[in-house]
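Undergrad: Structure below; questions to follow.
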Amino acid sequence: MELLEGSRRSDAMAVLRDACENWGFFELLNHGISHEPNEQSETVNKEHYREHYRRFREQRFKEFAAKTLDSGENVDGDNLDWESTFFLRHLPTSNISQVPDLDEDCGSTMKEFALGLEKLAERLLDLLCENLGLEKGYLKRVFCGGSDGLPTFGTKVSNYPPCPKPELIKGLRAHTDAGGIILLFQDDTVSGLQLLKDEEWIDVPPMRHSIVVNIGDQLEVITNGKYKSVMHRVVAQTNGNRMSIASFYNPGSDAVIFPAPELVEKEAAEKKKETYPKFVFEDYMKLYVRQKFEAKEPRFEAMKTMDAVISSQPIPTA
């Protein structure tokens, strides 16, 4: 990120553009998020799992999995994930104080952690605007275009314990992310994350203090396909306990999502592809929860039927 402040800014922006257009993923170093709250959040979340979730959820999960994986019979690996998770919501309202067994230290650490990530996500959105030729702040205004004027922002903490038979089950099945821009701190010692590029699965290796960023479905729609969300998955490992902390900066639930008119006009002049649909983000999410592990294209097609019932709403400029 420090390259954006110096003489190599144009080179850094070109790398960012290529990553968004051709990969849907990129990795940030020197991103401005202090290592201390990141390391604290990792520590407290590991302690939280050890003291609470591993005692209940993970134990029940392992007991269930053992019945199938040990025998190798009746395993429906297409409908199972070797993953234990909990979720924290930051915006529009926080639920941290309501999360069971989440102690005060963990909660305050995660609040500080989330505040820095929220600012970083908004900075990244402005960099995307610059590369796209959109007005600064455009993407944030779209995301905040709902009735409360706020985005949806939350964090998913995932734990992937050692798996006795990883050939039978994924840590997390292949999917694209439904929302906007995703910032991931992945485990810096245990690997597993892969992305799909040209029909080939490519490892995203652990790198200490880096943030893996990926494009969600909503940015694909807003950019009218110029930037793509990409299938990714987590491969279960026989050794090591993998933890990841993923923060999702998404549109508000009733925000209306549609291709940026400026991009559509430009592509129309160049006689390029048809436009993506227009829809309310919450409606897309209702479909996504049923089809998360399926291809995204049918979801976009299904949303086209809703175009006629959504009125055009100008995005505020202030």
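Note: Cβ is positioned from N, Cα and C throughout, glycine not excepted.
Annotations per Swiss-Prot:
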BINDING   H175, D177, H232  Fe cation binding site
DOMAIN    151-251  domain 'Fe2OG dioxygenase'
Undergrad: Pull the DSSP breakdown for the domain 'Fe2OG dioxygenase' (151-251) and write it out as helix, strand, coil residue counts.
TA: 9 helix, 46 strand, 46 coil
Undergrad: Which entry in the list of binding-site residues, H175, H232, has its Cβ near the fewest other Cβ atoms, using 10 Å as the limit?
TA: H175
Undergrad: Count the other Cβ atoms sitting within 10 Å of the Cβ of D177 (Fe cation binding site), across every protein chain shown.
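TA: Counting Cβ neighbours of D177 (Fe cation binding site) within 10 Å gives 25.
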Undergrad: What are the other residues, in sequence order, whose C-beta lies within 8 angstroms of the center of the C-beta atoms of H175, D177, H232 at the Fe cation site?
TA: A174, T176, N214, S229, V230, M231, R233
Undergrad: If you average the pLDDT over the domain 'Fe2OG dioxygenase' (151-251), what number do you get?
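TA: Mean per-residue confidence for the domain 'Fe2OG dioxygenase' (151-251): 93 out of 100.
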